[in-house]
Structure formats: C-alpha cells, structure tokens
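Everything below concerns the one structure shown next.
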Amino acid sequence: MFRQVYNLLEYLKFFLYGLIQGFTEFIPVSSTAHLKVISLFLGIDDPGASLSATIQLGSVLAIAWYFKNDIFNFRSQSSKKLIAYLLHKRLLRSILIGTIPIVLLGGSIKLFVPYFFDNVLRSNLSIALVSFLMAFFMYLADSSRRGSINIKNHNYSNSFLIGFFQAFAIFPGVSRSGITISSALISGWERGDAAKFSFLLGIPAISLAAIVEFISSFNDFFALGFFPLFVGLITTFVSSLLAIDFLLKYFSSNGLKIFIIYRVIFGIVILLNL
C-alpha cells in the first residue's frame, strides 16, 4: 500500500511539473524560475535533467502541432500559391537565423564555463532580481508605439534581433517568451505576430535545450521509467497547447500589463521567503 501511495505521489509530481512547464513556457513568466521556486516551496525534488528534457519535448511538440500549417505547409509551387510558398520558406530561414545567437552563447558557456549556472545565478535572490528587471523590460515594450512589422513583411535583421534577446533566456528567471515578445514589440512588431514568431522561434531553442539535458542525463531516463515521464510529456503537451491558444487570443486585444504585475509580485514573494 505504501508503495502504491509513493507511486501515486510520483505521478502527481510529474503531472505538476508538466502543468508548470506547459503554462509558464509560453506565458511570459519564466518556466525555469517557476519550476525551481515551486519545487522549493512545496519541498519536492528538483525536476532533474531527464524530466526537464521530457517536458521540454512536450512544449516543442505542442508548438509544432499548433502551428503545423505554418511549419509543414510545403505546397506545390504553382503560380497561385507561389507567394505563400516563398513566405513560408522565408519564415523558416528567419527562425534559423533567430536561433544563431542562443546557439553561440549557450554553446560557448557549455564548452568554456560548464558550471556557469551552478552558482549564484540559480539562487532565489538572482531569480527575484531578474523578475524585476524583466517586469521593467516588459513595461518598456508595453509602452512602445504599436508597430507594423509582422510575419509576412519582416526581414532577417528583425528575426536576428529578436534572436539576440532570446539568447538571454539561458539565464534563470528571464522567460524566453517574455524577452522575445517584448523585444519584438520594442522593435516595431504587431502584438499578435510578435507572440506567434516568439513561439515559432522557440521550436529550435527549446529542442536544443532538451537535447543537451537528454545527453547529460541519458542513464536517468531508465531509472525514472517510461510511464512517469509519459505523464509529464502528455501533461506538458496539453497545457502548452492551452497556453499558446490563450496567449494568442489574449494578445489580439490586450498588452503585457497583467504579466508585468505578476512578475513584480512573483519577485516580491521570493524576496520575502529568502
């Protein structure tokens, strides 16, 4: 009986981590910070690299599924569909170009400073301060004039600039979606397309992070077992779909104000519990 209760608690833990990852990966509040802080507050173990890789995969699958027509829409190059085809190819190139900065920065840190994130940058104090900084950056973005850049008319320099800011998401507490959406708004993107491009840009970025986690914890996958990881994967996939759909609809008529307030409150709560 005790064994059954223990297994149930393990499944609930994986379910909880999946929910947190799915919702906070796309809502601009930082999934890494929430996974770390909530695990500390609830007194449960850090999710670990193997579970992190699995739930990140769930987020990637959710993006790919939600935007499958944008990603996999390789139609024939008939004259009627030529413009759509060319726009599709340019979007894929833009995503690759926007991924370059985070690959360079993340790869350099992994190679030359492998224990970079095992220090003060992962502390609760650091996460709280980063949350305040992100709230200010998001405030600047929300206060900027509405732009006219979108998925169809953007250029490669636009995507590289957003990718440059995305690279800072390797620091715990930043929020990949938060910094990419905010930088897009500041540089003149329309709200809805800023969020959409941010999510699409997350496919290679989150995938690379999952691959790194997978390689570093390959043996742990067998120790955790298939079914607990599957629970985390499915939970993340479903909650990610809900988060993406919510945010795209929310951004059609709203700004970042509610998330700015949340990030300030989140930072204060962390400081009060140091």
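Even glycines carry a Cβ here, placed using N, Cα and C.
Over in Swiss-Prot, the protein carries these features:
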- 9-29: transmembrane segment (TRANSMEM)
- 47-67: transmembrane segment (TRANSMEM)
- 95-115: transmembrane segment (TRANSMEM)
- 120-140: transmembrane segment (TRANSMEM)
- 161-181: transmembrane segment (TRANSMEM)
- 197-217: transmembrane segment (TRANSMEM)
- 224-244: transmembrane segment (TRANSMEM)
- 254-274: transmembrane segment (TRANSMEM)
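Put simply, of 47-67, 95-115, 161-181, 224-244, the stretch with the most CB pairs closer than 8 A to the transmembrane segment (254-274) is 161-181. If you look at the transmembrane segment (95-115), the same-chain residues 6 or more away from its ends with a CB under 8 A from one of its CBs are 156, 159-160, 162-164, 166-167, 169-170, 200-201, 203-205, 208-209, 212. Counting Cβ pairs closer than 8 Å and at least 6 residues apart in sequence, the transmembrane segment (197-217) and the transmembrane segment (47-67) reach three or more and so form a contact.
Only residues 6 or more beyond the boundaries of the transmembrane segment (120-140), in the same chain, are considered here, and those with a CB under 8 A from a CB of the stretch are 28, 30, 33, 36-37, 40, 171-175, 178-179, 182, 186, 256, 259-260, 263-264, 266-268, 270-271, 273-274.
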